[in-house]
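In what follows, a structure is listed as structure tokens, so that the remarks can point back to it.
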Amino acid sequence: MDYRSTLNLPGTEFSMRANLVEKEPRILEKWQKMNIYDYLLKHRENNPTFVLHDGPPYANGDIHIGTAMNKILKDIVVRYKTLRGFKSPYVPGWDTHGLPIEHKVTTMLGEKARSMSQTELRKACEEFAKQQIEMQKKQFQRLGVIGDWENYYATLNPEYEYKIYEIFAKLVEDGYVYRALKPVLWCNNCGTALAQAEIEYHDHDSPSIYVKFKMENSENEYIIIWTTTPWTLPGNTGIAVHPDQQYVKIEVGSEIWILAEKLLKMAMQEIGIDEYRILEKFKGHFLEGKQAVHPIFDRKSRIITADFVDMETGTGCVHIAPGHGEEDYEFGHLVNGLAVISPVDEKGYFTEEAGKYSGMHIEKANKQIIEDLKNNGSLLKESTIKHSYPHCWRCKKPVIFRATEQWFISVEKNNLRQRVLENIQNVAWIPAWGKNRISAMVEERPDWCISRQRAWGTPIPAFRCSKCSEVVLDARLIRHFAEIVKKMGTNAWFELSEKQLLPDGYVCPHCGSEDLVKMNDTLDVWIDSGSSFEAVLTTRPELTFPADMYLEGSDQHRGWFNSSLVLSVITHDKPPYKTVLTHGFIKDAEGKKMSKSLGNVVDPLEVCSKYGADVLRLWLASSDYFNDIRISKNIIFQQVEVYKKIRNTIRYLLGNLQDFSVTDSIGFQKMLPVDRWALGRLQQIIKSVTEAYESYEFSKAYNILVKYCSVELSAIYLDIVKDRLYVEGKHSLKRRSAQTVLYNILKSLLVMFSPILAFTCEEAYEFLNFGEKKYQTVMAENWPEYKEEYIDTNLMNDFEELLQLRDLVLKALEESRQNGLIGHSLDAKVAIKTGSKKTLDLLKKYSAYLEEFFIVSKVEICNSDENLHIEVEHAEGEKCERCWKYDPLTNSDSEFPNICPRCMAVLKEKR
């Protein structure tokens, strides 16, 4: 007789095969139709708000694994906060101005770009940026990111630009903005100034030269400098020494050289001098004010003292070119009055001020300058050095310091630096080291160069007077132009005449002339994105200022976190965020940086089209994202295997609940002991997972949940209750007791996993039809509540010991299986022998449940003088064809042949 039809076998349409590639787009369509974003906001309408403010990615090119990671992390946070009951609006944004887009557009246009007006080029950039936004928007949505995608913000929108000018007017009005000739980081290739946040450091080969400058009024005395930028020597006007370090005069042949004592030995080895004699020792300040003669140009080079001179490399005598370095400018020009000579144009060619090097590119001039030094006897040593050197973030070319007239924000005005540092203390930084990092950056940052020499940007509404040549910029001009921008956008600056741009009756405040000419500088894009707190948070009623969280990569300590903080402190005297959460960067499996040339790039869209977005999300959740994390095709495949285990657990739970309704639930006290233990463990899991999410340790939540599914559920609890679920009467207390726990586990798992496995949990939630209150989406559910009353401490302690015993029993069963004594564990009878009263009492207390607990046919508890000992025998009696357990009374009823008494009772009840 076939008894299979009498078993309560699991059944569900939730498929074992994920097929996420086909299912995820259908779920996205569902979310779009139901307008999930508005649905969730309305669902939490009267609840406390949690605002994660989106740092705008750059609207240029397909999303990559880094931008995908950032958006998924934000989505996990927003989904978690929504499930915790918060109204969690999320407005995505895009950074749209600046060099990368202009560079891309001019490259695409080729020769045509050269003949275009600024307005035409700007319109081409705007069109390109908008296309990129639409493309990236679809790609971010494909990752499962929920947000207000129809009402995103973009820095090119007139209403956003208007807010930039509101902030800028305040900066000018309060005296923070000034114009000066100062050395700034400059990209010759792109022809513009750069901010610190636009710099990347890469290894670079530079010439390394030791040069002697003859001391004035001396026949044979020289001061020795070392430099890796020979091209800056035409800008040299001084030499710096440390005031308190020891310097020496040494005799080398017929010459006397001056350099630092600490660097003497190293420098002599580098130059190749074996024989020299120390003549004199003195402190560096004794050299202050003396003059040396420039080795190429007919001018003097004054010796100054500066504390920044270090004793690590070189000679302790630093060549100073105030037009080509921040410290050179500060100590050379501002402190000591050295002339600023910067004979390099915007493309890196020497100007007429460089004399015979005029018209020569600085790279080519390097070689010529070295040759000239060699020919006039000033060059002591030439070699090549590999060192970390600043490069442009866009074109990847080395940058230089070049003195040009630029607009700056003073970080000393109105005690700004100190105020920013104080406000840093009022923010929660995760990880905690972020506080020290951004503090160090603020402490060290120079005045902020905010002007750029590009067409595609937010124009600085400044004018130059044709009569007196003074530059004019004031708050009235900015606010007047802001009103024009509100109606026409910033293209108005390039399309309208000066008369149309100026307020009625406006004249030069310096000389009274009406003849003012508009200038063409644009604002640093970090002003654009850094103004988002004003342009987005304060203007949208569903958002709050300050935001609850900013979440970006750790590079944003010097980027968006920094610019936003400075502007917010100036305008509101408080930070724009309450918490700052940072993530690391993505490397390949070996920890190498990703690059197309190495062939180690993982495309997030490719992962989605091959495995599904949930696998990508699972990989991210598995990673300690506070630090740099690794990815490769193999690492992704490992997560595919983990995903299968999770999905199978969900499927098994759904399958065994097919005939369950919440009205069938059994009260805690009526449950079987193992079910009460499982429900207690679920509470502990809920507590641990919640704590992990609360501290944004998603990898911790992942590890707890994955281990729970694969070990505690699959290998322990679900294994133990399988017999009861399949064999006991459908409506019996024993079966409903287990089903009640399974229902609680399933619902808790779906909610706790849903911030990570957004699509899979949504799919599974659709199969949750157990008569409970249900919403259109799992995201509308409430986070599982930790219930202390479900934790019976004594019972939990008992089961901790029983589980240790179970491990020993399973080990003994496996040995018996290997020896051929048994096949399946149900073939076994287990005798547990011990002299421990504590263990005997424990086993007797749960004796009625031990066969199920150990998954055997018979358990005997034996008092013994020996230590704990487990014996396995083949069980007595015949095997029941329905439940596979052995029982001496099997086949004792002709109506139900080959059936044990337990199964017989179930079948008679069914009848």
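Every residue gets a Cβ built from N, Cα and C, even glycine.
Per Swiss-Prot, the feature L-isoleucyl-5'-AMP binding site maps to GLU552. Here the Cβ of GLU552 (L-isoleucyl-5'-AMP binding site) has 21 other Cβ atoms within 10 Å, regardless of which shown protein chain they belong to.
As annotated by Swiss-Prot, ATP binding site applies to LYS596. Same-chain residues at least 6 positions away in sequence with a Cβ under 8 Å from that of LYS596 (ATP binding site) are not found in this chain.
The feature Zn(2+) binding site is assigned by Swiss-Prot to CYS880, CYS883, CYS900, CYS903, with sequence analysis given as support. Reduced to three states, the DSSP call for CYS903 (Zn(2+) binding site) is helix.
Swiss-Prot lists 57-67 with the feature motif ''HIGH' region'. Distant neighbours of the motif ''HIGH' region' (57-67): 94-96, 98, 100-101, 104, 129-130, 132-133, 135-136, 139-140, 154, 553, 585-586, 594, 601-605, 631; these residues of the same chain sit at least 6 beyond its ends, with a Cβ under 8 Å from one of its Cβ atoms.
Annotated motif ''KMSKS' region' per Swiss-Prot: 593-597, in sequence order. Same-chain residues lying 6 or more positions outside the motif ''KMSKS' region' (593-597) and placing a CB less than 8 Å from one of its CB atoms are 65, 586-587.
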(Q) Measuring Cα to Cα, how far is CYS900 (Zn(2+) binding site) from GLU552 (L-isoleucyl-5'-AMP binding site) in Å? (A) 63
Q) C-alpha of GLU552 (L-isoleucyl-5'-AMP binding site) to C-alpha of CYS883 (Zn(2+) binding site): distance in Å? A) 56
Q | Position of peak Cβ density within 10 Å, selected from the binding-site residues CYS880, CYS883, CYS900, CYS903 | A | CYS900
Q | Sorted by sequence, non-CYS880, CYS883, CYS900, CYS903 residues with Cβ within 8 Å of centre, Zn(2+) | A | VAL727, GLU881, ARG882, TRP884, LYS885, ASP887, THR890, ILE899, PRO901, ARG902, MET904
Q | Residues in the motif ''HIGH' region' (57-67) grouped by DSSP into helix, strand and remaining coil | A | 3 helix, 1 strand, 7 coil
